[in-house]
Amino acid sequence: MSMILFASIVRVRDGLPLSASTDFYYAQEFLECRRQLKTLAQRLARHPGRGCAESCDFLIYFSSSGDVACMAICSRQCPAAMAFCFLEALWWDFIASYDTTCVGLASRPYAFLEFDSVIQKTKWHFNHMSSSQMKSGLEKIQEELEFQPPAVLSLEDTDVANGMLNGHTPVHSEPAPNLRMKPVTALGVLSLVLNIMCAALNLIRGVHLAEHSLQVAQEEVGNILAFFIPSVACIVQCYLYLFYSPARTLKVLLMLASICLGNAYLHGLRNTWQILFHVGVAFLSSYQILTRQLQERQSDYGV
């Protein structure tokens, strides 16, 4: 019998199932385990990182990072390192196929059911490959588990099966792993320098105008905000380029719109070339942010 029986991808914040393996077992114990997995999925926001729970004759493993979690039902003969190795491989494959915006906007269960083909392929590999073929990946996961043990949940003690948590069972959660971005490019460095320069220019002009307006009139408040808001947006663009953030596309569009609208509002205080320069830098930075992706995971799991 296979050691990994079922796998599911869920959204952490609300437990919405995004995809799952379509093979099915009709044993009563397995059906009960499936029901408990669905209930547990709704509580993953309280248990970040890795964890497991016993259910009938099976074990439920889960591993979450960001707003995506992978869950699996395994036989008791399945080593924990192998289960978490499988879940991590599945997680990398999923985020490589769907960005955080798609995940966040999903409104119906199993919106990415076509990912089942990847789940089936990955599950087959782990069920049929020997430990020696996955040695490097298993050793890495085993070291992580020894350093930071996964949360061990008791479905009965925590009343997860009834949709409640009584809060008496201690849970040792693991922080989500750091997501590494691809290396910074020369054009990316240029966009950072130009962004910082634009932020400084906006800040200086805004402060100067604020000091002048406080002494003369109050009708310049709109112009002051039109300097300060793009200044903050430029700094946020620098952050989005350097560090991974969920819903990057939405944030990039918001920052770009703030800079464009702010400069359009300042048409009377800036000439056309100055406005084009600031807007051009904003578009360059937005492009650099959206094209700098997460690093490819190393293929050390034999998948």
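Glycine too: its Cβ is placed from the backbone N, Cα and C atoms.
Here the structure is a predicted model, which means the values were calculated and not measured.
According to Swiss-Prot:
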- 1-183: topological domain 'Cytoplasmic' (TOPO_DOM)
- 8-119: domain 'Longin' (DOMAIN)
- 184-204: transmembrane segment (TRANSMEM)
- 205-223: topological domain 'Lumenal' (TOPO_DOM)
- 224-244: transmembrane segment (TRANSMEM)
- 245-248: topological domain 'Cytoplasmic' (TOPO_DOM)
- 249-269: transmembrane segment (TRANSMEM)
- 271-291: transmembrane segment (TRANSMEM)
- 292-303: topological domain 'Cytoplasmic' (TOPO_DOM)
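Within its own chain, the topological domain 'Cytoplasmic' (245-248) has Cβ neighbours under 8 Å at 66-67, 99-101, 104, 239, 289-290, counting only residues six or more beyond its boundaries. For the topological domain 'Cytoplasmic' (245-248), residue counts in helix, strand and coil come to 1 helix, 0 strand, 3 coil, using DSSP.
Averaged over the topological domain 'Cytoplasmic' (245-248), the predicted model reaches a pLDDT of 77.
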